[in-house]
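Straight from Swiss-Prot, the features:
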type     : residues : note
COMPBIAS : 1-11     : compositional bias 'Polar residues'
COMPBIAS : 34-60    : compositional bias 'Low complexity'
COMPBIAS : 644-656  : compositional bias 'Polar residues'
CARBOHYD : Asn58    : N-linked glycosylation site
CARBOHYD : Asn304   : N-linked glycosylation site
CARBOHYD : Asn458   : N-linked glycosylation site
CARBOHYD : Asn470   : N-linked glycosylation site
CARBOHYD : Asn478   : N-linked glycosylation site
CARBOHYD : Asn531   : N-linked glycosylation site
CARBOHYD : Asn559   : N-linked glycosylation site
REGION   : 1-79     : region 'Disordered'
REGION   : 608-656  : region 'Disordered'
TOPO_DOM : 581-656  : topological domain 'Cytoplasmic'
Amino acid sequence: MSSFQSATTRQGLHRRNMNSETPQSEFIQRLRRSPPSESSSSTPSSSTTTSSTTTTSNTSGKKKKTAPSASDFYVPSLPGQPKDSQLILYAGHLSFSPPDTTIEPEKDSYGFFFLNKARHIANRPVLLVWLNGGPGCSSFDGSLMEVGPLRMVLKGDGTLKEVDAAWNEYANMLFIDQPTGTGYSYGPKPNYVHELDVSSANLVNLLARFFKIFPEYQQMDLYICGESFAGQYIPYLAQAILDTNIISAPLKGIMIGNGWIDPINQYLAYPEFAFKVGLVNPSSKAADLVNEELKKCTEWIDSNSTTPIHIEACEGILSAITDSTVQTVNSQKMCLNMYDVRLVDSYPACGLTWPPDLADITPYLSRTDVKQALHAQDHAADWVECEAKVGNNFWAKTSQPSVTLFPKLLDKIKILLFSGDQDLICCHTGTERMIDHLTWAGHQGWTSQAINQPWKVNGSYAGLWKEERNLTYVLVANASHMAPYDVPYVTQDMLVRFLGIDVMTAAGPAAQITSRIGEETATKVNRVVMNETKLGQEGSGTTGLAMTSGPVHDENYYNASSAMLFLTLVGLVVGLIFFVRRRLRRDGHGDFAHHPSDETEIILKNHHHHHLSPDSSLPRSARDRQFQPVPTDDLDDHHLHPNLPSNNTSYQDLPR
């Protein structure tokens with residue numbers, strides 16, 4: 001194992017800490033992945049916090065604390081945001097302390113939230129809480145690179161663009177930075193969180209404060225979602241919400257993408273995945289090294305009755321795999337990207353600096369004007385994607401892996417686990433092993449009734465779908481550790497299916513295209529023709545639609561029905577005009593009957609009206625967004641890293 005791998009094996013899941021200080025464990029640093037921050041990101045600035053209390057001045061000049069209102073957190077716009085954007089955003093700090101307590105601001109700890117309201121009104125109002133992993137990684141990873149409505153324009157000098165297929169198309173998204181010291185969250189030093197039950201209690205307190213300020217969201221279905229090490233956060237938070245009486249929002253389910261949930265089965269799955277996809281030749285010396293590390297791991301497991309969240313004796317397996325991929329290309333050392341094995345990266349990063357969006361996101365979120373717009377100015381230091389000190393202090397020595405909570409949770413709520421098939425760090429084979437060894441609802445693993453069903457989005461293969469007894473597993477095709485980054489329309493379809501949202505009544509981009517699991521009917525909706533361009537064609541994208549069973553109907557049936565409806569409406573309009581003309585003639589208003597040009601104009605206006613969508617009353621920019629063609633490269637865009645020797649270099653192109 002190289003010295004770099006020894007110091008950074010744990011960076012991956014949590015993302016990017018390439019030179020962490022006194023690493024508590026190798027694997028955490030790979031989960032985290034970010035460069036270390038020596039800045040005081042957990043230290044508040046000298047300004048007065050406006051999160052849990054709002055400061056006002058009375059007539060005597062003395063400052064008085066008042067409870068904040070929703071308007072205090074409103075974000076009219078962000079620097080660089082499109083001028084015609086109709087997003088409704090709120091952001092700011094909320095205390096991690098219990099809602100019925102008051103602590104001096106300089107002694108309190110604060111989480112940061114970023115609320116993106118739903119663009120369309122769905123049949124089921126939903127609030128999604130999103131958490132990124134780490135420990136210590138900001139949820140702006142999810143917001144600005146995966147499921148949020150805004151993206152940075154690469155090398156665009158801080159310019160943002162609005163995207164379709166965001167998860168707030170049909171659900172309200174609440175991104176949270178936690179635990180203390182993560183992203184824009186802050187608190188006095190030292191005040192780091194060490195255990196999962198503490199982090200979940202802090203989140204419950206923050207959510208209780210959020211619902212007090214935004215009470216309308218407490219009536220909505222509540223879901224918690226995230227990825228990577230959030231596979232530990234999310235089940236713990238779900239159980240805490242079910243156990244508490246200070247949050248009345250109905251928790252309906254959780255979603256975890258490429259999650260670190262069951263350490264034992266995840267570690268043991270590494271060799272299987274590496275051999276299966278060809279990262280390591282099973283007959284090579286590299287395979288011997290991998291198997292040596294696997295033996296150390298299994299010996300530790302067999303001799304210990306407890307299961308920590310990270311097992312030191314098992315962390316050499318991943319290092320042996322990544323070390324075996326190091327090659328020299330054009331005088332530069334290269335290795336595979338552990339988050340997307342289709343790609344390569346410069347050694348020893350091996351994916352730690354991926355995706356390339358971070359080069360723009362990091363300076364943007366450190367800008368003073370951006371902090372002010374987000375009401376985050378009380379976080380004094382520059383924004384850091386993943387704070388090393390948070391992860392190094394999150395020991396979790398007494399916390400059991402979150403997989404132990406699954407049987408009880410599955411008795412009460414739905415759980416969706418999704419895995420990008422190109423991820424190594426939290427490979428899908430580990431999630432599948434976990435399910436096979438999990439006992440819930442009276443049975444271990446899947447029963448014979450549960451089968452892998454092919455999942456298609458707009459006619460293209462999107463992955464496999466399997467569900468039974470409140471558990472859904474989705475293997476997402478052509479996707480990395482950050483699946484929504486690679487296939488946004490596909491993962492949006494996954495979301496609306498799991499939430500039970502009827503996009504045909506909510507409109508929006510997902511209503512334009514088709515989605516199908518197994519033998520479901522694939523229904524096309526919003527089949528309209530504008531400027532001779534037919535929307536709803538097969539291509540990259542998705543729809544989460546009201547699902548029925550039966551054969552797929554012929555497209556001609558829909559076209560014939562649409563034509564009949566159109567002719568009927570035109571006939572009604574013409575009949576109405578004829579009736580009005582006769583009535584006016586009878587009443588002596590003959591002038592109307594002698595102006596055929598006016599008559600023609602009325603007919604044309606009504607003819608055009610029948611080609612508009614149900615949302616034609618929306619402002620033009622909103623309508624344009626709904627009728628934009630769906631991108632066709634959603635399923636095969638690999639987002640190659642800029643450090644590759646050439647734009648077409650993948651791991652498979654390296655000499656072996």
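Placement of Cβ uses the backbone N, Cα and C atoms for every residue, glycine included.
Features recorded in Swiss-Prot, as mapped to the structure shown.
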residue : record                      : CB count, 10 Å
Asn304  : N-linked glycosylation site : 11
Asn458  : N-linked glycosylation site : 27
Asn470  : N-linked glycosylation site : 16
Asn478  : N-linked glycosylation site : 22
Rounded distance in angstrom between the Cα atoms of Asn304 (N-linked glycosylation site) and Asn470 (N-linked glycosylation site): 32
Alpha-carbon distance [Asn458 (N-linked glycosylation site); Asn478 (N-linked glycosylation site)] in Å: 15
Integer Cα-Cα distance in angstrom, Asn458 (N-linked glycosylation site) to Asn470 (N-linked glycosylation site): 27
Integer average pLDDT (0 to 100) for the topological domain 'Cytoplasmic' (581-656): 40
Helix, strand or coil at Asn470 (N-linked glycosylation site) [DSSP, three-state]: coil
